[in-house]
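> Pasting a structure below so you can have a look.
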Amino acid sequence: MARAQALVLALTFQLCAPETETPAAGCTFEEASDPAVPCEYSQAQYDDFQWEQVRIHPGTRAPADLPHGSYLMVNTSQHAPGQRAHVIFQSLSENDTHCVQFSYFLYSRDGHSPGTLGVYVRVNGGPLGSAVWNMTGSHGRQWHQAELAVSTFWPNEYQVLFEALISPDRRGYMGLDDILLLSYPCAKAPHFSRLGDVEVNAGQNASFQCMAAGRAAEAERFLLQRQSGALVPAAGVRHISHRRFLATFPLAAVSRAEQDLYRCVSQAPRGAGVSNFAELIVKEPPTPIAPPQLLRAGPTYLIIQLNTNSIIGDGPIVRKEIEYRMARGPWAEVHAVSLQTYKLWHLDPDTEYEISVLLTRPGDGGTGRPGPPLISRTKCAEPMRAPKGLAFAEIQARQLTLQWEPLGYNVTRCHTYTVSLCYHYTLGSSHNQTIRECVKTEQGVSRYTIKNLLPYRNVHVRLVLTNPEGRKEGKEVTFQTDEDVPSGIAAESLTFTPLEDMIFLKWEEPQEPNGLITQYEISYQSIESSDPAVNVPGPRRTISKLRNETYHVFSNLHPGTTYLFSVRARTGKGFGQAALTEITTNISAPSFDYADMPSPLGESENTITVLLRPAQGRGAPISVYQVIVEEERARRLRREPGGQDCFPVPLTFEAALARGLVHYFGAELAASSLPEAMPFTVGDNQTYRGFWNPPLEPRKAYLIYFQAASHLKGETRLNCIRIARKAACKESKRPLEVSQRSEEMGLILGICAGGLAVLILLLGAIIVIIRKGRDHYAYSYYPKPVNMTKATVNYRQEKTHMMSAVDRSFTDQSTLQEDERLGLSFMDTHGYSTRGDQRSGGVTEASSLLGGSPRRPCGRKGSPYHTGQLHPAVRVADLLQHINQMKTAEGYGFKQEYESFFEGWDATKKKDKVKGSRQEPMPAYDRHRVKLHPMLGDPNADYINANYIDGYHRSNHFIATQGPKPEMVYDFWRMVWQEHCSSIVMITKLVEVGRVKCSRYWPEDSDTYGDIKIMLVKTETLAEYVVRTFALERRGYSARHEVRQFHFTAWPEHGVPYHATGLLAFIRRVKASTPPDAGPIVIHCSAGTGRTGCYIVLDVMLDMAECEGVVDIYNCVKTLCSRRVNMIQTEEQYIFIHDAILEACLCGETTIPVSEFKATYKEMIRIDPQSNSSQLREEFQTLNSVTPPLDVEECSIALLPRNRDKNRSMDVLPPDRCLPFLISTDGDSNNYINAALTDSYTRSAAFIVTLHPLQSTTPDFWRLVYDYGCTSIVMLNQLNQSNSAWPCLQYWPEPGRQQYGLMEVEFMSGTADEDLVARVFRVQNISRLQEGHLLVRHFQFLRWSAYRDTPDSKKAFLHLLAEVDKWQAESGDGRTIVHCLNGGGRSGTFCACATVLEMIRCHNLVDVFFAAKTLRNYKPNMVETMDQYHFCYDVALEYLEGLESR
C-alpha cells in the first residue's frame, strides 16, 4: 500500500512538474514575487477608471466577498455601467510555442454579473480589434484559470490587454491575477498553425483554412477575426485526428473593401487560441483608363492600338481581349489580342462601332470590366456600282424630268453619299461652247428635274454616285429637249447693201434656233420717201424663204425710199420674235425726156439756142440745172450721151480758162425756173447764178450738155446729156453737110453705145450683188478696215534694283491696309507693267519683284489652295524679309514649320496593289487616285500609283506618280493615253547613286507596250533638260496623240539644286509648251513625292504670285500632302521652294521673242528722265543683287595651302562644286586648277572658264585640255598684258613642239586676220600614247584692248563666235576652254554671248539675263560690268540684224 501511494505521488509529481516551472514572464502581483520573472504591465491612460491592486491577507479589513491574496481588482459597484478599464501586459515577441496563462475572479453576491472581462491581443501596435476571449456572469467566490494560445512569433510582437467592462447591474467584483508567460503549449486552448495569406480577385469567393492542434472543447467556438474587429463564424470544423482539427471560413464575393488582415480565434471558457494575422489580398481586375486609339480606318476594317499602358486595378495582365459591337447593335464579339495593335476585319462600311479592351489577371474572375469604349466609324467603301435605270419622266422644251432606280445601302456602301446628275450640252453658237454642270440631288431622292435648258438640245446625262471613298459613274444617256419657238434673229446680224431700186438683205440663223428652222418670213413696206410720187406708207409685202436661204434681193423698189424690214424664223412650234431694220434705197440720177439729141432751135456765129426740158427726179427732187459748154477737140474722145462722165465740179469760164480746161459751166438754173420745156441760148453773154455765159467763138466747135443734179442728205446724183453740137463756122457748106451727117450717124451710134453701156453696168451690178451675197453667206462678220499701227508689245516686265525696291516695299507696306491688300490683285497692288508700256513713266516697285509675260487673266474660281489663318499668305513685296526671318529665327523657323506638316499625319497604303508600287512606295490616296479603265480578266488593272493634283485655279491639272518600274510601263502609257496628257515631266535620272530610280519607259526609236505603240519623233537636248517628242498610237483607235516628255537632268543626286535658275526656266518651258486644252501634266521623279512636290508647288506659286501678288507656300504644301503622301520630303526641299520663288519674283521672266527684241531693246536702253536710269541698268543691278558672293567654305579646295600658288589672285577663286579635277597624274602635282565648268544653253559643262596660265600652271592647263577633251581654246586677253605683277606669257609652242609635264603639244598650222589668230595644236599624253592625240584649235582674239571692258568691235566678236561654233561642229562638239586674265568678266561675256546665240538659233528667243545669271551661279565674277552686260545685248542685236540682211 505504501509503495502504491509512493508511485502515485511520483506520477503526480511528474505530471505536475511543467506547471511548476518558472514562467518566462508574468505578473503575480505579490510583493515577494520572483525577481527573475519581471512583471511589466500598465494601465491605459484614458480609461474610465483604473484597476486597483489589492493585497488581502487574513486579518486585513476587506469586503468579505473578496478572496485573499495580492491581485488586481475592480469594484463594479463604484463605476457606471459601460465604463471600461484596461490592463496592458508587456509586449511579447517569442520564437517558439508558448502559452499565456491568467487567473480571473468574477463574483457577485446576488448572482448577477459584475461585468465582462475581455481579453484582447494587439499585434505590432495595430488596432485593438475584437476580444479574443471574454467572460461574464458570476462564477463564485473563487479563482479560475484560463489560457491564451497566441501563434504570433518573432519578429512580430503582440500585447495582451485585459478589459473590465461594467455591467448594468454594477454589483460584484472582478479580479485578475497571475498573468504568466509559459514556454510550453497551452493545455486548455488549441494552438493554430501558421495562417497563410489568401489572394483573390474582387467579386470572387475567398476561404481561410485554420488548422489547430490540441483538444477542442465541445463548447469551443471558432471565429475568423478581422483586424478591424469584424468576426466571421466558421462554416465548419473538421477533425483531422484526435488532436488536430480544421476550421473553414468562407468569404463570399469579396470586394476591395474587405481586403484586410484576418486571424483565427477559438473561444472557450478555459481559454482561447489566436493565430497569426494573414492578409486577405483582394485584387481588382484590371480595366484600361483610356479607350483604345484608332490608328487607321478603312471601309471594312479598323486598326486600333490597345492603349493599355495605364490601367485601373491590379496586374499582372495575362490576357488582352477586344470587345466590339455596333453602336446600335444587340450583339458583341470578343477577340483575344496578343499585340498592342489589332485589326478588326469584316466590318460594315460607314458603320459606328464601340470598341473596348478587356484585361485579365491571374485567377478566377480576373477579367476586369471593359475599358472606356472607342466609338469609331469605318470609312465609306467605294460604291458597288453606279445608279441604274436612268430614264425620262417628262420632257419639255426647257426642262427634263429624270428618274432612276432607288439606291440602297448595299449599293452606296455609305450613309453619306450624293447622287449627282452630271449633264452637258452645247450652246450651238459659233464657238460651240459646252455647258457642263453637275447637280447634287437630295439623298434618298430618285427623281430630279433639270431646268433652264435650251430647247431642242441633246442633253448628255450620266448619274454619278459619290461617297467619301470613291465614285461610280453610270453610262451616259442622251435625251433631247422639245422644240420651242426660235429666239429673235439678232438685229446686228442683219446686213444689207442698198442700191437705187434694189436691196440685198442677209441675216443669220437665230442664236437659239430652239429646234429645226423650217422657214424664214420677211415682211417689208415703204415708210418714208423723198420722192413725192411715192405713196407712204406703202402696202406691206411678205415673202418666205427656205431654212437654208438666209438672204434675199428685193427689186422694183423706189429710189430714196426708206423701207421697214422684219425678219423672223419659224420652227414646228411657231414663229419667233422678228428682227426689225430700216433700209433706205439710194437716190437715183435724174432722168431726161430726150428720145434722141434734138436739133438746135437756132444758131449764129456766137450762139446756139437749145430746148431745155425739165428732168424727172428719182428718189429726190431736182435741185439745180446746169448748162455745160465743152470745146470739141480732135484729140478728145467724144462724150456719149447718157454716160456717167458728167461734170460734178462747177467751173466758171474764167476758172476753166485759167486752168486750161476745155469745158465750163455756162449757166446754172434753179429747178423751179424750169417747170416745163423752154429755149435757152448758149453764148448770150448773160450771167446765170454766178456763171457767165460768154459768146461762143465762131472758129471753134462746141458740144452743149444739159445736166440735172439732185441733192439729198449729203448725197448727190447727176445726170447729163448732150443736147447740141455747134460746128466751127470756117467750114464750107458741103463739108458741113457731111459733117452733119456724120454727126447724126455719131449720135445714133452714141445712143446705141450708151444703151449697151447701161446694160453692161446693170449686169455688172447684179453680179456684184450676187457675189456679195455669197460672201456674206460664207462669213458672218466683216470688220471695217482700220489703219492700225501695231504698237510694240513687249514680252518682259520692267525691273528696278532689287535692294532699293525691297527696301521701299518694307516701308510702303505699312501704309497698305489689310483690306486693301486682300482686295487688290497682284497687278493692281504692285503696279505691274511690261516693257514698252508707254503709259508708265517710271519703274515700279513690283517690276523688280516679279517679271513675266504679259498679264494673263486670272480666274477666280474656287482654288484648293486656301490661305490659312495660322499661316497666312505672304506678299511678294515682303517675301525676302519673310525668308530672312524664317532662316534666322530661333523660336519658329523653317524647321518648325516643316515639321508641323507631319503632326497627326497618318500614311495610308493601298493593300493588295503591290504590282504598281516600289519597294517602299508612297501610297496613293484613293480619293484622288487616278483610276485606269478596267481590263477584262484583271480586277486590279484600274490601279496605278498616281494622284490628281490641282493646279492654280485648275482642278486636276497635274498627275503625280512614281517613276515607272518595268512591270508598270504599260499602265503608265495607258494613263497618259486615257487622260489625254500632252506633257510628261521627269525629274530624276534613270540611275542615281548606283540605284535604279526609274525604268526607261520610252523607246530609242519605236516600241510597243501592250496595245500602245510609242514612236520617238524628236529629241531636243539642252544643258539642264531634254525634251523628247513621242507619237502614240493605240490598237483600235484612229487617233494619234503627240506627247512631250520634259526630262530635267540637273537635279543633283543628293539634296536640291544649288540655284533655281534652270529649274524655273524649265517650268516656264513646260507651261508654255502645254496646250491649254490638254489633259493633266504627268509629273514623276522616283517615288513621285519630294521632287515632284517641289515642281508642283513652284508652278502653282508662280501663278499665284502673278495673279494675286502673294505666295502661300505653307498651305499649298499642306494641300498637296492631303492629295499624296509626303509630297515635300525634306526641310531642305521646303527651304529651296522659298528661295526659288524669291528668285523668280526678284528676277522675273526676262525672255524676249526675236520678233520683239529690237523694239524691246530700244525701250530698255531709253533713259528715264525722272530716274536718270534705264531698264537695262536696272536689270543689271538686279543681276548683281541676286548674285550672292562666295563664302570661304565654298572655295575650300582653292584655299588649301598647296593650291595657293596656282591662283593668280585670291579674290577670284572657283567654288568647289564646279571644279574640273585633273585626271592625268603628273608626279607630285595635285589635281587642282583654277577653273570652273559652266553650261551653255544646249549642253551641260560645255565651257571651262579659267585664267591665263601662270608659268607654274602651264602643264596643268594642258592636262586640263587633254583630260576634258577640249577641242577649242578661246583666248580673250593679250600677251604681256597689264604689268609684271600679272604676267601673261605664251603657253604654246610656235612653231614646233614642246612638252609641258606629261603633255606634248605640237603646233600644226595657223591662220590670221585683223581680228583673230587661229592655231591648231596636237596634244597627247606621253605616258599613254596608246590613247592617241587630241586636235585643239586655239583662237586668239585681237580686238579686245587691254583697258576696255568690251571688245572694240561687235562684228569682230561675232566673227570669233562663228569660228568657234564652226570648229566645234567639225570636231565633234568637244568642250571649249575660255580664258582671260582672271577667268571672269571677259570669259563670262564670251560664254553669255555664245549662250544667247544658241537661244536664238534653237528657239528664236533672247534672254541675256538668264545667260548671265546661269554663269554667275558658277562664278560670281562672270559678266562683271554694266558695259559687258550691255554688250551682250548689242551682240544679239547685231546678230539678228545680220540675219535680216541675208
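Indices start at 1 and increase along the chain as displayed.
Here the Cβ of each residue, glycine as well, is placed from N, Cα and C on the backbone.
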> Identify the disulfide partner of Cys264 as annotated in Swiss-Prot; candidates are Cys186, Cys210.
Cys210
> Have a look through Gln1045, Gln1129 and flag the one Swiss-Prot assigns to the substrate site that Glu1053, Cys1085, Ser1086, Ala1087, Gly1088, Thr1089, Gly1090, Arg1091 belong to.
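Site partner of Glu1053, Cys1085, Ser1086, Ala1087, Gly1088, Thr1089, Gly1090, Arg1091 for substrate, according to Swiss-Prot: Gln1129.
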> Pick from Ser113, Ser853: which does Swiss-Prot describe as phosphoserine?
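Cross-referencing Ser113, Ser853 with Swiss-Prot, phosphoserine lands on Ser853.
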> Just to confirm what the record says: which one of Ser376, Ser588, Ser848, Ser1185 has phosphoserine annotated in Swiss-Prot?
Ser848
> If you check Swiss-Prot, which of Asn134, Asn410, Asn787, Asn1280 turns up marked as N-linked glycosylation site?
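That would be Asn410, per the N-linked glycosylation site annotation in Swiss-Prot.
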> Which of the listed residues, Asn95, Asn586, Asn685, Asn1207, has Swiss-Prot annotated as N-linked glycosylation site?
Asn685
> Look through Asn75, Asn205, Asn1325 and state which residue has the annotation N-linked glycosylation site in Swiss-Prot.
Asn75
> Looking only at the domain 'Fibronectin type-III 2' (386-484), how are its residues distributed among DSSP helix, strand and coil?
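The domain 'Fibronectin type-III 2' (386-484) comes out at 4 helix, 47 strand, 48 coil.
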> With DSSP as the yardstick, break the domain 'Fibronectin type-III 1' (288-383) down into helix, strand and coil residue counts.
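Split into helix, strand and coil, the domain 'Fibronectin type-III 1' (288-383) gives 0 helix, 43 strand, 53 coil.
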